[in-house]
Amino acid sequence: MSTTDQSVDLESFRQEVRAFLETAPTPEILEAGRKTTSVFAPFKETMAWQKILNDKGWVAPSWPQEYGGTGWNIQQRYIFTQECNRRGVPPLLPQNIQMVGPAVLGFGTDEQKAEYLPKMLSGEDFWCQGYSEPGAGSDLASLKCRAESDGDDYILNGSKTWTTYGHHANKMFALVRTSTEGKPQQGITFLLLDMGLPGMEVRPIIGLDGEPEQCEVFFTDVRVPKRNRIGEENQGWTVAKYVLEFERGGSTFGTFLVPAMEQLHAVCDTPDASGNRLSDDPILSYKLAELDIDIRAVEHNEKRVNANLKHGENPGPMASLLKIMGTEVMQRFSELQLEVAGLAGLPLQNDALVVGSNVAPIGEESALLAMPYYLNTRAASIYAGSNEVQRSLLAKAALGA
Amino acid sequence: MQYQYTSEQSEFKDSLRKFVQDHYDYESRRHLAKEGNGYKAEYWQQLAELGVFGLPFAEEFGGLELDLGYLMGVAEEFGRGLVLEPMFPVLALAGRLLAAGDNAELKNELIPSLIGGELLIALASEEKASRGNPLIMATSVKAEGGELVINGEKHAVYAAPQASQYLVTAKDESGAVKVLLVAADAAGVTATEYQTVDGARASNLRFDNVKVPASASLFSGDAAASLELVIDEALLVMGAEAVGLMDQLMAITGEYLQTRKQFGMPIAAFQALQHRYADMYIACEKIRSLMWGALQTVGTAEFAESAAMLKAEIGKSGRYLGQQAVQLHGGIGMTDELSVGAYFKRLTAMDLILGGRDYQLSRLIKIRKAA
Ligand SMILES: Cc1cc2nc3c(=O)[nH]c(=O)nc-3n(C[C@H](O)[C@H](O)[C@H](O)COP(=O)(O)OP(=O)(O)OC[C@H]3O[C@@H](n4cnc5c(N)ncnc54)[C@H](O)[C@@H]3O)c2cc1C
């Protein structure tokens, strides 16, 4: 904690955040937080929370202040996320603030900024990410969704897939192919479009937990105005890379894992009717202790990277490390949480997981999430650069190859 | 030393394989898991006709009286095809426990209709606090005026929504384990039915002063040893199912690695994935070996140990294999639309029922200390 801005009193900042969080979220928003079974929280309530944060001016801590950022330093940002997770509000969906926002901030015209940024912040628009395609996953640059020039428009043909919350979105930011010349990265363009344009079709995909979270999106002669382009034609790869680097030190797995682990400990320490505690079992206690170590390491990895950023260091290979460790410790946490739930993890309870459904869980409330969370968390080592790809990047950087 | 199915067992197993291939493509399985009561009565009858339900029972009841290897063969094929018909809970658990009892009248009444496929019966043994140990239970049974009165709660009773009768474990005043036959519609029984993550049907059952006649008790003495033994033998059947699941997952994943292309080549070309696949192969073979090893100890003093080892390993290697099959498929592995996820979920559920890895490890420690 020694490397922070001396001018900011972090403790009083924490108190200010806490005081706000105490009263700001509605019961529905808190219920959505409790019923979050993946990185993508329940849509409606999470967007309601985004609006409240926007009204407070706290929705986009990483953005420049002139466009709605908070002006907080990186430690304050970490504290803010910590306190949000401690309070149990749903995490904001990353698409608006962390994904498309930075692209517009970095490469948009003034006109585009004025048109799009305010509604990204308020949540009036919800943006989905149209990058991946059936044939282009880890090898994103091989994407084929074609944008043909036609006067002032592009005409799109092809498809996107794994589009998270595509069925909730009214806007999409997409990478499309505008040229097949040269290296594949060189013929890609970053495009903004409305969902529901003529020729577009959205098909939700049912996930392992039985719920639709991702979508397929099909384009047949979909007309998109060229003024919706961000950056130059064929410069889309540069825009996408800029977005990835925008939030240096943005890794916050620790802020989630620490309070989640505290809750798991509490469940294990609570005596049952005959006075037995799960934590009396030496084998379970051993596993809890091992996980405690890993979570502590994740937390300090993140704080250390943040602290050193101040000295102008680039997180470099640490970004891959944080992603690998954060997601894999999260997966281990999800395994242990399921083991603790035991038999109570078996029933499918999709109805009880709907916010406002008032369907009582079968068994303990603490076990309700265990299975869907376990299943959904398997995705964490697949998305945002699979952990195999991240390990290759890390090795390459570490070996200096 | 048996390390593979005998030719007679293989023959029987092959007939089941054909049955599964004819009836179980993934799409129809997906529907069956979601709709109605989660199995087809018509298939159940066909399985009866194939002789599956007669396998473990004595000839006096009309059974085939064949050794456990046959049932394992069936389970392996059921695993490979993700079959939902509740053979495991009805036959390997409840049916075999019934056969182990000494209540001739009950056996004469029930076993023939089990064999014929008319009766579905479920074993209600697990409780929240038992954490896998079948001898830890809060459910009680008391003699009251010539009747037996049952109170307690059982969790995750597989096949209960499909069964008309339950075998309920309970402790009497002396602390002895009793197994009681209770009709599903008996007064005082409350069932919370649900679909499980692995596509099956189960219930949480509450018994509030449920009364049964003294003749509904399956064992005259303490049933503890029989209960443990039957469950351990069922773990062998589960082990075989796990092997079937894993073999199929390996085949599906191997095929995907060779056909999915990224960066202009099949992803099988990436060494990281080759090594992962090799580790999955190792995980699969570990369970296969532990399974055959355990079968060899049936009827010996080492059996409990080898059954616990097998189940503990399903909780580790089975889970690993399922997780990695999803991982190597990337996004498509996370969907309900591909069978990979269903295999993964069945392997996940296996560790939660009948004592997970932690419980089995604690058992192994105890067995070693006692030796
Ligand atoms: C829950 C979830 C949400 C998502 N949301 C979105 C979204 O909103 N928008 C969007 O555009 N996309 C989204 N995606 C897609 C995601 O970006 C892709 O799944 C990811 O890029 C991997 O691509 P793939 O699924 O095609 O797998 P593939 O790239 O086909 O990978 C299959 C396997 O091969 C491995 N592999 C691939 N290449 C290599 C290599 N060179 N070396 C070693 N191993 C390799 C992978 O690690 C993986 O294990 C989402 C995915 C998930 C699971």
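These residue numbers are counts, starting from 1, taken along the chain as shown.
Every residue gets a Cβ built from N, Cα and C, even glycine.
Note that TrEMBL annotation is computational and uncurated.
If you look up TrEMBL, you'll see A:10-124 marked as domain 'Acyl-CoA dehydrogenase/oxidase N-terminal'. Mapped onto DSSP helix, strand and coil, the domain 'Acyl-CoA dehydrogenase/oxidase N-terminal' (A:10-124) counts 80 helix, 0 strand, 35 coil.
Annotated domain 'Acyl-CoA oxidase/dehydrogenase middle' per TrEMBL: A:128-222, in sequence order. Looking only at the domain 'Acyl-CoA oxidase/dehydrogenase middle' (A:128-222), the predicted model's pLDDT averages out at 98.
According to TrEMBL, the domain 'Acyl-CoA dehydrogenase/oxidase C-terminal' annotation covers A:234-398.
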Could you put numbers on the helix, strand and coil content of the domain 'Acyl-CoA oxidase/dehydrogenase middle' (A:128-222), residue by residue per DSSP?
-> 7 helix, 51 strand, 37 coil
